[in-house]
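So that you can see what the record holds, here are the features copied from Swiss-Prot:
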- 1-11: topological domain 'Cytoplasmic' (TOPO_DOM)
- 12-31: transmembrane segment (TRANSMEM)
- 32-58: topological domain 'Periplasmic' (TOPO_DOM)
- 59-80: transmembrane segment (TRANSMEM)
- 81-96: topological domain 'Cytoplasmic' (TOPO_DOM)
- 97-116: transmembrane segment (TRANSMEM)
- 117-122: topological domain 'Periplasmic' (TOPO_DOM)
- 123-130: transmembrane segment (TRANSMEM)
- 131-154: topological domain 'Cytoplasmic' (TOPO_DOM)
- 155-176: transmembrane segment (TRANSMEM)
- 177-180: topological domain 'Periplasmic' (TOPO_DOM)
- 181-200: transmembrane segment (TRANSMEM)
- 201-204: topological domain 'Cytoplasmic' (TOPO_DOM)
- 205-222: transmembrane segment (TRANSMEM)
- 224-236: transmembrane segment (TRANSMEM)
- 237-253: topological domain 'Cytoplasmic' (TOPO_DOM)
- 254-272: transmembrane segment (TRANSMEM)
- 273-286: topological domain 'Periplasmic' (TOPO_DOM)
- 287-310: transmembrane segment (TRANSMEM)
- 311-339: topological domain 'Cytoplasmic' (TOPO_DOM)
- 340-350: transmembrane segment (TRANSMEM)
- 351-357: topological domain 'Periplasmic' (TOPO_DOM)
- 358-380: transmembrane segment (TRANSMEM)
- 381-388: topological domain 'Cytoplasmic' (TOPO_DOM)
Amino acid sequence: MKHLHRFFSSDASGGIILIIAAVLAMIMANSGATSGWYHDFLETPVQLRVGTLEINKNMLLWINDALMAVFFLLVGLEVKRELMQGSLASLRQAAFPVIAAIGGMIVPALLYLAFNYADPITREGWAIPAATDIAFALGVLALLGSRVPLALKIFLMALAIIDDLGAIIIIALFYTNDLSMASLGVAAVAIAVLAVLNLCGVRRTGVYILVGVVLWTAVLKSGVHATLAGVIVGFFIPLKEKHGRSPAKRLEHVLHPWVAYLILPLFAFANAGVSLQGVTLEGLTSILPLGIIAGLLIGKPLGISLFCWLALRLKLAHLPEGTTYQQIMAVGILCGIGFTMSIFIASLAFGSVDPELINWAKLGILVGSISSAVIGYSWLRVRLRPSV
């Protein structure tokens, strides 16, 4: 029990469990004895009905759309705290992850197009390497434990959130044909209600969560990625302390173990099971997976590092306190973990064209993401000193 308590008390424990869940998913998805059970579990239908409202989704989508909204709620709370009181409190500090995210989307997309521009079909996947899987990136960072400066973790969170928002906008503009304006209208009203609650000083967290459920449902029905609702709710929950209590900090404290030890490992287990059946070296070196690998492994860190360097040289932004440019470069490599967000964009880009292209895209995403995780982790492990 003593060793178990020590493990769960360590900062790296959540990341270790997430990696174990991902490896387990890969093994089960590629084993003849367990692949059927694994896919049956993910395809299990789950129905929610409240009055006339009905949501029918399989287990995989409930995990990705509902449980991950809770994760994004926690991320929103943490980023808000740093924007208001911490390492992103000044305009120049807050601008740094925004500039980094822009570079981290533009350069990978251009690098992908350098490989695929001549092919009008694979060219449609230009946004695949522009995405970052924030959950896996933070999970890998968590493996380094307490040696990671808080400012560096917050920088990665803020960068990945902006990256995700960019990906959501790209999906809405280029890959979605059936946005529901009525649902977007309901979402806008829910956001307005959250703003009024905040301005009126309402401090009951449950009220924000209730409106957040309405917002999540509306965003889900609109065709936009529903996890966005979690970030929005997190930004509106009051942070200011009153009588020594802060609703945002209290909720953050409550959510953290649930997210680290249940939601993220379940997310990893549900999404890491990529089948390697039929994979060949010849296929891996075709323009589609090569463009994705190059975009994630080279384009992401290059774009983030280049735009950060320009921001510092032009004095548009400051480095987060307690971090170095080399650490920022390593975080840029971690942002090459595109994984689930990249797979989602690939399914939108090629789903109606050729399922075989999705398989090759998944292979490129897997190779690029794993390579980025290993290299980014190794670089940070060398650059970060263990805390005493």
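Using N, Cα and C of the backbone, Cβ positions are placed for all residues, glycine too.
It should be emphasised that the depicted structure is a prediction, and the values quoted were computed from it without experimental measurement.
If you look at the transmembrane segment (340-350), the same-chain residues 6 or more away from its ends with a CB under 8 A from one of its CBs are 64, 121, 124-125, 127-133, 135-136, 164, 167, 170-171, 175-176, 225, 267, 271, 274, 292, 296, 357-358, 361-362, 365, 369. Contact count against the transmembrane segment (205-222) (Cβ pairs under 8 Å) is highest for 59-80, out of 12-31, 59-80, 155-176, 254-272, 358-380.
Note: the stretches the transmembrane segment (97-116) and the transmembrane segment (181-200) are not in contact (fewer than 3 CB pairs below 8 A, sequence gap of 6 or more). Ranking 12-31, 181-200, 254-272, 287-310, 358-380 by CB pairs under 8 A with the transmembrane segment (123-130) puts 287-310 at the top. Of the recorded ranges 12-31, 59-80, 181-200, 287-310, 358-380, the transmembrane segment (254-272) has the largest number of C-beta contacts under 8 angstroms with 12-31.
With pairs at least 6 apart in sequence, the transmembrane segment (59-80) and the transmembrane segment (224-236) have 3 or more Cβ pairs within the 8 Å limit; the two touch. Averaged over the topological domain 'Periplasmic' (351-357), the predicted model has a pLDDT of 76. For the topological domain 'Periplasmic' (273-286), the list of distant contacts is 25-26, 28-30, 35, 38-39, 42, 343, 359-360, 362-364, 366-367: same-chain residues at least six beyond its ends, Cβ to Cβ under 8 Å.
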